[in-house]
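As given in TrEMBL:
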DOMAIN    9-508  domain 'Major facilitator superfamily (MFS) profile'
TRANSMEM  47-67  transmembrane segment
TRANSMEM  76-98  transmembrane segment
TRANSMEM  104-125  transmembrane segment
TRANSMEM  132-153  transmembrane segment
TRANSMEM  165-183  transmembrane segment
TRANSMEM  243-268  transmembrane segment
TRANSMEM  280-301  transmembrane segment
TRANSMEM  308-328  transmembrane segment
TRANSMEM  414-442  transmembrane segment
TRANSMEM  454-474  transmembrane segment
TRANSMEM  486-504  transmembrane segment
Amino acid sequence: MGCSVLALSSVVSTLGGLVFGYELAIISGALLQLQPEFHLSCFQQEAVVSALLIGAFLASLIGGFLIDRHGRRNSILFSNLLVLSGSLLLVVSGSVLALVGGRIVVGFAMSISSMSCCIFVSEMVSPKRRGLLVTLYEAGITVGILAAYAMNYVLSEAREGWKCMFGLAIAPALVQLVSILFLPSRSVSSGKETCEFQGQTGLIQLTSVTEEEDDAVKRKRASQQYSVLALFQSKDNMRTRTIIGLGLVLFQQFTGQPNVLFYASTIFQSVGFEGDTSAVLASVGLGVVKVIATLVSMICTDKVGRRGLLLAGCVVMTACLFVIGLLGEHALLDSKKPCGADVPFTNGTLLVQNPPGQTFIPLNISGSDGHGRFAHEGADLGSSHVSPLYTTSETPGILTVQEPLPSKTSSHAIVNWIILISMMAFVSAYSVGFGPMTWLVLSEIFPAGLRGRAFAFTNCFNWAANVLITFTFLNLIDALGLPWTFLLYGINGVAAVVFIYFMLPETKGKSLEEIDRDLSVKRLHSNNSWCATLSCRRVFSAGYQRVHISSLEVQ
């Protein structure tokens, strides 16, 4: 029975992540087809991309109460039904409004699923395997991202291929729905903490049965009743735990990772991968790298520890962001503006670096070739030398003449490939650090009676930050340029490294009860304070005192 439950739990965790990753990344290639078919403006593109995140944000507001009241398994089932409904709506969409609505439904489901799967698995396994099985969720995300990029490539030239892209999410959601029905229920009620073990099969038999039963009894007896307001109180050091959770999810987003994921094909177009197919194919390479990095993370999670992987991953991410930002000044970037003109030939998705060669001159327009290209009076509209012009909104009749880009040299090609390699290193570092470790730490640092609501509360800020970063990306590129945008993300990365170094505890090898007990102890304000131990190797361990008091054990 133990092996079968372990296998099913692994399947449920992986499939939950797979659907999550697929829905996140599929928009990267689908957007290239949706833009010309629905004539999407820059704002509409950002709305379609961000709708998923808005739905996830809304779910995070109520997801914690749903999970704590109705149980983890029932919440996963509910999310599966929503994925099926949202995917069907996307497939039959005939308007921008329907696309946005379908994406909101799917995003709502993803948020519920992400919280439920991580908590469900973390509570069912022993400390020795908890890191591995929770990291399986992130592995599923990376496989889903790779599958999405692969489908983007396969269907990039297909007529209405975007419908197939959205519809393929139905298959893994159905498999997860069936699989979860065979797992034991394990719910925690917000009113009275209860654990439904159904003959003690709710815990995966990774250790002896006696140890499992003992762990289950301790967890059930030691649980307390918390209100959501406890997150902001000093009792049991809950406020510090909340700060740790919020810091992780906010820095996870403010380092710019969502935009690398959502706009991967668009970014690759901007750095010289011409055409939809080649840009999407480069994105597939990103997906492969993410999968490999996540497999490495799975192996190292319970050996290296959460804190070490987060620090290493964040340092590499920050370095890559600075490399992309600094080299971006010398890259041969596409010069079309994503938001500067509502003309079809801009494709509305291309990132820009406005070259200094732009001039503004008054022109008498004699005609247009119907594709957003204008010419001087008497010019041959069929000529290939006609330059695309952009009408400025500030002064009617004044047109921006975009001079042709200089021919690509070997140095430009080298710079663009370095940027590609840096992006691959960036997503690898994310898949080792922030990707799996954030969810794992969040599922560990809060007590059982509050875990669902605490996870949802921090997740709420996660999705809100994600919406902010994603919805402003094209406009930020338009205003600052690609290099400065990545440099800004790099500065946030430096702040993230400092936060992790000074704030994050190591939870490797500890049971959930041990973690809760250790974090409940007040921080010491003596010679062992952080300010007095900046040069000490174990900065955080000096900030918390681990105690074992017999009175804490339930008799």
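Heads up, the Cβ atoms here are built off N, Cα and C, so glycines get one too.
TrEMBL annotations: computationally assigned, not manually curated.
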(message) Are the transmembrane segment (104-125) and the transmembrane segment (280-301) close enough to be called in contact, which here means at least 3 C-beta pairs under 8 A that are separated by 6 or more residues?
(response) no
(message) Averaged over the domain 'Major facilitator superfamily (MFS) profile' (9-508), what pLDDT does the predicted model reach?
(response) 75
(request) Determine which recorded stretch among 76-98, 132-153, 308-328, 414-442 has the most C-beta pairs below 8 angstroms with the transmembrane segment (486-504). (result) 308-328
(request) Take the transmembrane segment (308-328) and find every residue of the same chain, 6 or more past its ends, with a Cβ under 8 Å from one of its Cβ atoms. (result) 248, 251, 255-257, 297, 300-301, 353, 415, 418-419, 422-423, 425-426, 428-435, 437-438, 441, 481-487, 489-490, 493-494, 496-497, 500-501, 504, 506
(request) Would you kindly check 76-98, 132-153, 165-183, 280-301 and say which stretch has the most C-beta pairs under 8 angstroms to the transmembrane segment (414-442)? (result) 280-301
